[in-house]
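Presented below is the structure to which this report refers.
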Amino acid sequence: MEQAPEEDMESSWTLLSWLASCVIVFGGAVPYIPQYQEIQRTNNAEGFSTRVCLVLLLANILRIFFWIGKQFEMPLLLQSVVMILTMLGMLHLCCSIQASNRVSTKQHHITDLDIRYFWSWSSFEDYLIFCFGFTLLSAFITFVFLDWVLFVEALGSLAVMFEAMLGLPQLLQNYNNRSTRGMSVKMVLLWTAGDIFKTTYFLINESPTQFLVCGAVQILIDIAILLQVGYYGQDSRSKLG
């Protein structure tokens, strides 16, 4: 017996929905593959801002606790777990590269409690300690105020505010260096494509407003970084030529 057109359409829509969910879960991690390969190839991590990792770790840890207070789509929750693991992987690589290139024996650790070297620690374990401490603090505050709707909404807004600032550290580092050398342009292009797709997904699925605002801000920052690529590229060519 042939399937009715309505059943075919429903099956196709289910497949598309499943594929979209997979893209949401794993798509955010894909842009970091070319950057990871670039750091490995050059044995230099200076072009990549590790503060991107800080922003995404804070955002996704908070988003997990936001889900506890206000459950949204499961793919968005799974995306947070995947992004946390991805950022830890990036930090591990950067720490390994910096250790192999380190000339001075002077090292900085989280236990030094020196604010000047915040997020510039010498050991990967220091970043793990920070993430563990931040998670414990977030868990305690969340479970104390979980019944307050205003707190839950504020937590969601804080999570997406951090996520919206994802590209800002890279934007500022490029500006300070007056160069985009060492930064993977493929990573930024994938950021842009992913953020457009993600924002569209939020719109179609009527996700919380916080997510839509986050997506729009991320797209604007992505475009600004791509403009930097063109501007600093032209500047470099004029100096050479």
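Think of each number as a place in line: the chain as shown, counted from 1.
Heads up, the Cβ atoms here are built off N, Cα and C, so glycines get one too.
Small disclaimer: the values here were computed from a predicted structure and weren't measured.
Sequence annotations record features per position, and here TrEMBL assigns transmembrane segment to 15-36 (among others).
Residues or ranges marked as transmembrane segment by TrEMBL: 48-68 (among others).
Here the transmembrane segment (74-97) has long-range neighbours at 21-22, 24-26, 28-29, 32, 35-36, 39-40, 43-45, 48, 50, 52-53, 56-57, 60-61, 63-64, 67, 122-124, 127-128, 131, 207, 211, meaning same-chain residues at least 6 beyond its ends whose C-beta is under 8 angstroms from one of its own. The annotation transmembrane segment is assigned in TrEMBL to 74-97 (among others).
Among the features that TrEMBL reports, transmembrane segment is placed at 127-148 (among others). Taking Cβ pairs closer than 8 Å, the transmembrane segment (127-148) reaches residues 53, 57-58, 61-62, 65, 68-69, 84, 88, 91, 95, 110, 119, 121, 155 in its own chain, all 6 or more past its ends.
Residues annotated as transmembrane segment in TrEMBL: 154-172 (among others).
Beyond the transmembrane segment (210-232), the same-chain residues lying 6 or more positions past its ends with a Cβ under 8 Å from any Cβ of the stretch are 72, 76, 156-157, 159-161, 163-168, 170-171, 174-175, 178-180, 185, 188-189, 191-192, 195-196, 198-199, 202-203. According to TrEMBL, the feature transmembrane segment maps to 210-232 (among others).
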Folded-back contacts onto the transmembrane segment (154-172), same chain, C-beta under 8 angstroms, at least six residues removed: 48-49, 51-52, 54-56, 58-60, 62-63, 65-66, 69-70, 142, 183, 188, 191, 208, 210-211, 213-214, 217-218, 221-222, 224-225, 228
